[in-house]
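**Q** For reference, the structure I am asking about is given below.
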Amino acid sequence: MATYLEFIQQNEDQDGVRFSWNVWPSSRLEATRMVVPLACLLTPLKERLDLPPVQYEPVLCSRPTCKAILNPLCQVDFRAKLWACNFCFQRNQFPPAYTGITEVNQPAELMPQFSTIEYMIQRGAQSPLIFLYVVDTCLEEDDLQALKESLQMSLSLLPPDALVGLITFGRMVQVHELSCEGISKSYVFRGTKDLTAKQIQDMLGLSKPAMPMQQARSAQPQEHPFVSSRFLQPVHKIDMNLTDLLGELQRDPWPVTQGKRPLRSTGVALSIAVGLLEGTFPNTGARIMLFTGGPPTQGPGMVVGDELKTPIRSWHDIEKDNARFMKKATKHYEMLANRTAANGHCIDIYACALDQTGLLEMKCCTNVTGGHMVMGDSFNTSLFKQTFQRIFSKDFNGNFRMAFGATLEVKTSRELKIAGTIGPCVSLNVKGPCVSENELGVGGTSQWKICGLDPTTTLGIYFEVVNQHNAPIPQGGRGAIQFVTQYQHSSTQRRIRVTTIARNWADAQSQLKHIEAAFDQEAAAVLMARLGVFRAESEEGPDVLRWLDRQLIRLCQKFGQYNKEDSTSFRLSDSFSLYPQFMFHLRRSPFLQVFNNSPDESSYYRHHFARQDLTQSLIMIQPILYAYSFHGPPEPVLLDSGSILADRILLMDTFFQIVIYLGETIAQWRKAGYQDMPEYENFKHLLQAPLDDAQEILQARFPMPRYINTEHGGSQARFLLSKVNPSQTHNNLYAWGQETGAPILTDDVSLQVFMDHLKKLAVSSAS
Amino acid sequence: MQISGAAAPAPPQTGLDYGPPTSGSFPNSGLYGSYPQGQAPPLNLAQGHPGTQPSQRSAPPQASSFTSPASGGPRMPSMTGPLLPGQGFGGPPVSQPNHVSSTPPQALPPGTQMTGPPGPPPSVHPSQAGYQLQQNGSFGPVRGPQPNYGSPYPGAPTFGSQPGPPQSLPPKRLDPDAIPSPQLNELPPQQKTRHRIDPDAIPSPIQVIEDDRNNRGSEPFVTDVRGQVPPLVTTNFLVKDQGNASPRYIRCTSYNIPCTSDVAKQAQVPLAAVIKPLARLPPEEASPYVVDHGESGPLRCNRCKAYMCPFMQFIEGGRRFQCCFCSCINDVPPQYFQHLDHTGRRVDAYDRPELSLGSYEFLATVDYCKNNKFPSPPAFIFMIDVSYNAIRSGLVRLLCEELKSLLDFLPREGGAEESAIRVGFVTYNKVLHFYNVKSSLAQPQMMVVSDVADMFVPLLDGFLVNVSESRTVITSLLDQIPEMFADTRETETVFAPVIQAGMEALKAAECAGKLFLFHTSLPIAEAPGKLKNRDDRKLINTDKEKTLFQAQTGAYQTLAKECVAQGCCVALFLFPNQYVDVATLSVVPQLTGGSVYKYACFQVENDQERFLSDLCRDVQKVVGFDAVMRVRTSTGIRAVDFFGAFYMSNTTDVELAGLDVDKTVTVEFKHDDRLNEESGALLQCALLYTSCAGQRRLRIHNLALNCCTQLADLYRNCETDTLINYMAKFAYRGVLNSPVKTVRDTLITQCAQILACYRKNCASPSSAGQLILPECMKLLPVYLNCVLKSDVLQPGAEVTTDDRAYVRQLVTSMDVAETNVFFYPRLLPLTKSPIENTTEPPAVRASEERLSNGDIYLLENGLNLFLWVGASVQQGVVQSLFNVSSFSHITSGLSVLPVLDNPLSKKVRGLIDSLRAQRSRYMKLIVVKQEDKLEMLFKHFLVEDKSLSGGASYVDFLCHMHKEIRQLLS
C-alpha cells in the first residue's frame, strides 16, 4: 500500500467505496473544521469478478438493536466459538454450523479480502421479474413505429419467465389484457380522472373477493397469481400475442385540431400502472417503463395545457412563479413515486421529444425509485434504441445488470452517525442509535430503499463524527462502517451484500498531515457536488453557488499554505490541487447552471449525476478532452480554450455528449478530400482515431450519449465551446498571445480569474 | 250485411235511449233493446246525421238503407211505422227538430234509444246491484217521443212496446252480430230481460266496425273536403291525398270544432289530434313527395313560420300570399312567383306538392341542422347484457346469431344499395365492453370500461363501422361474444351508464342514432342509476300507488334529456326474471322515442320467435332521427298538451331523438280565441328529422277542420276511437300524479258530461230516464269501460307492477288502431264460416257468452294472441288443427300450431300470420282450452264481461253511466 492513491483505488475496486477522507478526524469539532464532510460514495452492486456469492446466510449480531453482520473486523475467539461485534461489542455465539472453525479454517466472511461479501438467501418465494410497459400513443407515425419495434425487440431480451404487461395511453389509458385468445381485450380509463389504487384494482377486477360461486368453496390460495395474470403474463407464453398487439398498436385516434397538443394522460397512465402492480405484486421486483413522446396535457399530472400557443414552462416561468401546473403535477408524481417505492417497484422514463416532456415534474418517479431516465429527441434515433437495448445488457454470468427492491442498511461504530444519503433511494425511516439528527441529503434513517439499481448505481452517504473533542480516540483506533444491501438479483434470488470497512482515526491537531494526505479530492468533489445539486433542487441557484464558494474558500483556508494577505504565496498540497478546478467546472455545469437548459434538461442531468459512480460523475463535472494531431499520440489536454488548435482534432466527453471537433486546418484538409488520397493515408487514420475512441465510449455508456461530430465554425461546435475554460475571450484576446487557441465569446470568468479570486479570499483574514 | 253495398260511408249515429217513460215503477219487463245500429244509417255522407233531414240528404242511400234492412229483417213493418220519425222517409215530427246545423241546438242525430228505469237509478254501481235495475226496468221504449234514432235499424222497434209484452220480435234480429245467441234464440226476450239487460240490445262495437267496413271500405277516401270524418281505423280503405293529410297520419277526435271555447267547454269533448307523422302507408298509396327548394329552403310565413301549404292564399296576382294560420301577408320570393288563374289559384298548384297535397316533404337546408352542419348518417349501437342471466337463458347466443344476418337489413333510403347506417357493439354487465371492429383488424378488440360512475367512450375509430366493410370482423365478434362470457358469474348489471356510453359514442361520432339495449335484470351494481327493488303491491289502491309508475330516480330523466339533445333514441328489450322496475328503466326509451319490449322469463325455445321478430322489425323500421315536431294551428286554437314518447323542453316543440313509423303523438288543442266558421280550423304538423341516410328533411302534414257554432255538429263529427286514444293517454299519464281512483272518476265524469251535454242540447226532449247516445259516440261507454278496467287503472291480482308500467308506457305512443284493438280485443270465430272462405271471419263481441263450446276462437289485442278451443269442438277439427286425437290431448299453453297440410290448419295459421302482420309487435300465440287453468288469462280479455279484478261488465257500466248522466242532467 504505497500511496493513498493506490489504497483508494484498491478500496474502490474491492468494496465500491470511496471516502472523502480516508483518515478520520477524531472529534466532532475537528470534523466540522475539515469543511468537506466525512462521506463516501458507495456503489452497492459494483461488479466484481472475484466475488462469487456464498450460498449461506449471514451471521448476525444477537443484539436486537445492532444485528451487524459477522465480518473480518470482528474479534473471534475460535476456542470459545465466540465473536465480538465490532459495532456494539456484543459477544455472540457462533451458530451450530460454525462449530468447525479454527484459525486455519475460517469462513469467507472472516477473511480480510472478503470485506465485501455476498450471501445468497434461499428462503422466500422467488417471484419473476416484472416489466410493465407504459406506452404513449400520441406519437408521430414513424416515432411510434420505431418505438413499437424497440419494444418488440425487447421481448426477446427479457428472461422468458419474466412477466410483462402493457399499458398504452393517449387521451385514454388502456390496460391490455394479455391472456386472452382471439379478441384482444383492454381496460380503458379516462385520462382525466385520478383514481385511487383501490378504484383501479376494482375496475380492473383485481380486488374481487372471489365470485359468488367460489365463495361457497374454500378460498383458493392460488387465486392471487391467477387474477393478476390477466395483465401480466410470462413472456414465453405471450410473446407472439404481445408482438401482434404491439404491431397493431395505432396512434391515438382522437383528433387533434390545429394549434393543439394531443391530449396525453401520462399522469393517469402511471397511476394505473402503479396501482396495478401495487395490487398484484407488491414487494417484488418490477419495472414500470414509461415511454412518452410529449408532455402530459390532461388530467392529474398535466404539465401544460393542450393549447400550443401556451408554451411549456421554462426556468423563467418557474422563477416568476408562472408555471401553473407544476406544483400540482409534481405533487401527483411524488405521490406516485412514493407509492411505487413503498411497493418496491421502480419507474423508468424514456422521454423522446423535441420539446420538453415534463421530466421536471416526473423526475421524482425515477429519482426516488431508482429507475432510469432517458431523454432523446425521437424514438427513431439510435440514442434511444441503443440506450433501451442496453437496459437489458447482461453481465459475464448472463444475468441482467439490474437488481430490484434493495434496502441499504448502514451501521456505524459509535463515534459515527449517519447524516443521510444522496442517490436514487428513499428513506425507510428506520431510526436507530447511529442516526444523526443533522441531515445531509435524505436522512433521519439508517435504512434506505433502492427499488431499482444496477452495478453503477452509486449513493453518496454522509456521516457525522460524534466523538466529543475531549473524548479519547477509541480503542483500536479504527472506526468501522458496515453497508448491508439486501436485494433481489435479476435471477430473482434474494441476496445480501455486506461491505465492512474501517478507517483510522487521527487527531486533527496533531496529525493533520495524515488527514490531509488521505483526502480523496475526487470523491470529495463529487460528494460536495451532490450536496450542491441536492440543494439546488430546492434552493435558488445563486444561493447554492455561494454556498459552494464559501465551502471552497474555507477548505482552502484550512488546508492551503499561505501567508496572510499574500495571495501569491498560496499553495495547496497535491491531494487538494485539483479540487478548486473541479469546483470551477461544477459551478459552470448544467447541474447548477440552468441558463440555456430547459427545466427538463436540468432534471435529466441532475438525475444522472445523482446516481453515477465517481468516474462518470467526475466526467460530468469536468469533461475530458483528448487531442489528436500529427504531433504525437492522442493525449488528454486541458479543458481550456487554449486547447482548441487549428491542427488538432478534439474529442470531448461530457458524459451526456461526445463531441468530435476538427480544428480549422484539419477541417479544411478534410474538405479538400486529403483523406481519400492514398498518399495521405495517415490523415485518414488521424480522422478515424477519435471516431474509434468515441465509439468505444458510446458502446459502454448508459445512457448513450449524444454524439456530435463537428468542426471549426460549425454550429454544433458550441457544445465544445461552452464547456472549455474560457481562458481566451473577446475581452482578453489581445492581451494573450495570438498563436493559440480560440476565443470564446463569453462573459464567464475563466479558471485563472477564478483561482485568483479564490486565492485572494483564502488568504484574506477578513473572512 | 245486405245493406252494405248501398251504405253511406259516414258512420251511423245512434242515440241510445235508456229508461222507461214512466216514472217510478218498473212494472214491465223491458227488453234491453238491441240496436244493430251498425247497420249503417244510410243517410248523409258528409255530416253523418242521417235520418233527420231526409230531404236534404241524398235520397238513394236513404232508400237503400231503408229498404235493405226491411228486406232482410222481418221487423219491417215496425220500422216503417210513423212512430219512427227519425227515419229518413218520414218527416221529422215536431218533437224532433231536424239535425241540420241551422236547426236549434237540441237537434239530435238519430240514435238508438233505450228506455230504462226512470226515477231513481236502481243501482249505484255496475256491480251485482246493477242488475236490479234491469230487472225492474221497463225497457220498453216510448216510440213516439223518441224520434231520433237511426231509423233503419232493424233493432229499433224492439223498444216500441212499452209496458205490454213486446211485439213478437224475431229474436234473431236482436243479435247485432248476426251470431245467433242460443239463449236469445230460445227464449222470448222479454222473459229474459226481466233479470238482465240483453247485451245484444246495447251498442255493439263489432256491429259498428262491420258497418263501417261495409259502408266505407270500398271507396277511396278522398281528402279534398274540409272536415270529413274518415272511415274507422278498423276499416280497410284507400286514401287519396287531395289537400288534407291522410287519416293514417292524423286523426282527430272531432272534425268539426266549436267556434268558441264556451261551446267547447260545454261539450267537454276533448279536441285532440292523434298524429303519426311517419306512418307506414299501404303499397298502393304513394309516400309523400320530397320537394327541394334548393338553397332558399322551404317557403314559410314570416310571422308564424308556418310552411307553404295548400291553404295559403295567394293574392295580388300571386306576388304575395296570406298565411292561412296567422293571416300575415308575405311576399312571394321571385323564384317562387307564379301567376294565378281566375279562381285565385296558382296555375302551378298541381305541379307543386306543397300547394296541392296534404302531406309532403321538404329537403331542409343547412339552417335546419344542428350546428349548421349537415348531419352524418346515423348509427345503431347494439348493447348486450352479458351477465349470468342473459348467458344462461341463451339470449346472448341467440341474439349474436341473429344479428349476423339482421345487419343486412338495416333501414336504407329509397333505392340505396346498402344502408348508410353504421353499427357499433357494446356488451356489459357491471362494466362495459366496447368493441373495435375496424375493417383493417384481423380480430375485434375489446375495450373494457369499468369506470361506470363517469362513463366515457374509449375509442373513436373503429367503434362505429359500415357493416359491409367490417363484415368479417363483426362476424368474428358475434361468434366470440357468447364464448367469451360463457363462464361468467357476474350477476350484477348497470343500466344508466350503458345508455350514457351509447350517447357519448354518438356524440363523439357527431351523429344521431339508435341504441338497442338488451337487458335482463334490475341494475343493482354500484353506478349511477342504480335501482333498488321497490315493488310493493300493498300500494295498490292507495294514494301512493302513483309512485309505482314514477321513476325511482331523476337520473334517468336527466340522462334522457342528454340523449335527446344528441338525437340518441333508445330501444329497450327487457328479459326479466323478476322485478326490474320497468317504470324507471323505460324513462329513457320513453323520452327518446324508443320502444320497450318485455319478455318475462325469457326462454329461447318459447320466446325466440317473438323476440327475434320484434327485434327484426325494430331494427328494420324506418326511423327519423333527431327530430323536432311542431304543430301549428289557425288563430283561435292552440296545441296545449302532448302525449307520446318524446321530450319537450318548451311548450311547443316536441323533441324526438327518434321517431319510427309506429310512434304516435297525441296533441290536445284548446281555444284561445274565436274560430271562424267559414275559414275553419287548420292544423299543420311539421316534423324536422334526419332520415336513415342522414338527409335532413321536413315532413309537413296539413289538415283542415270545420268549425261550428252548434253542438250538434260537433257530436256528429266525432270519432270515438280517437277520443278513446286521447282519454286513455290522458288517464295513463294521470296515474303518475294522482291516485288511480281519481283518474278513473275523472274519466267517468268527463264521459258523463260529454254524453249529458249531448242529451241536453242535441237530443230531442224525452223522458229523463232515457239514455240517448250520439251516434258517433255510442261506443264511448263500452270503450271507456275497457280503459277503466285495463291493467293500469284496475290491476288484477296476477298483474305485476312491471306489467302495468310496461303497458302504461306502451299505450302512450299507440295510434288509434292500436288502442282500439288493445282496449277492445278482437275475437274471431274460426270454425263458423266455411273453410273455403278465406277472408277474415267477422269478429264477435268480447264476452264469454259469445263463445260456443263447439268452436275455436282467436283473440288478439295487439300484444297477445289466444286460441281458445271449446270443450266440445269436433274431433275432426281438433285433429286437423292440432294433430291430436281429442280435445283432452291438446297441450294447454301451446304456442305453435303444428304445420299440417289441411285446409283448416292452413287457414288458421294463415290467419294468425296475417294478424301478426297487422301489428307492430309480434304476438305470441297461446292455446287455451276451455275450462283450463289458462282460461283465466284468456277471460281477462273478454272485456264486456265483469272482470275478476272488479271491472264492470259492459251492461253494468252502461247503467252506471246512465245514472251519472241523469245526475248531471237533473
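Every residue, even glycine, has its Cβ placed from backbone N, Cα and C.
What TrEMBL shows for this protein is this:
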type	residues	note
REGION	B:1-202	region 'Disordered'
COMPBIAS	B:53-65	compositional bias 'Low complexity'
COMPBIAS	B:96-105	compositional bias 'Polar residues'
COMPBIAS	B:125-138	compositional bias 'Polar residues'
COMPBIAS	B:182-191	compositional bias 'Polar residues'
DOMAIN	B:298-336	domain 'Zinc finger Sec23/Sec24-type'
DOMAIN	B:375-619	domain 'Sec23/Sec24 trunk'
DOMAIN	B:624-707	domain 'Sec23/Sec24 beta-sandwich'
DOMAIN	B:720-819	domain 'Sec23/Sec24 helical'
DOMAIN	B:837-911	domain 'Gelsolin-like'
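Walk me through where these features lie, including what they touch and how far apart they are.
**A** A Cβ distance under 8 Å defines the sequence-distant neighbours of the domain 'Zinc finger Sec23/Sec24-type' (B:298-336), meaning residues of its chain 6+ beyond its ends; these are 243, 291, 344-346, 349, 354-358, 362, 364, 632-635, 679, 682, 684, 686, 698, 700, 702, 704.
In the predicted model, the domain 'Sec23/Sec24 trunk' (B:375-619) shows an average pLDDT of 91.
Shown for the domain 'Sec23/Sec24 helical' (B:720-819): DSSP residue counts in helix, strand and coil, namely 65 helix, 2 strand, 33 coil.
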**Q** Could you break down the residues of the domain 'Gelsolin-like' (B:837-911) into DSSP helix, strand and coil, giving a count for each?
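**A** The domain 'Gelsolin-like' (B:837-911) comes out at 23 helix, 12 strand, 40 coil.
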**Q** Could you give the number of helix, strand and coil residues in the domain 'Sec23/Sec24 beta-sandwich' (B:624-707) as assigned by DSSP?
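**A** Output for the domain 'Sec23/Sec24 beta-sandwich' (B:624-707) reads 0 helix, 55 strand, 29 coil.
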**Q** Going by DSSP assignments with H, G and I as helix and E and B as strand, what are the residue counts for the domain 'Zinc finger Sec23/Sec24-type' (B:298-336)?
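**A** Per DSSP, the residues of the domain 'Zinc finger Sec23/Sec24-type' (B:298-336) fall into 6 helix, 11 strand, 22 coil.
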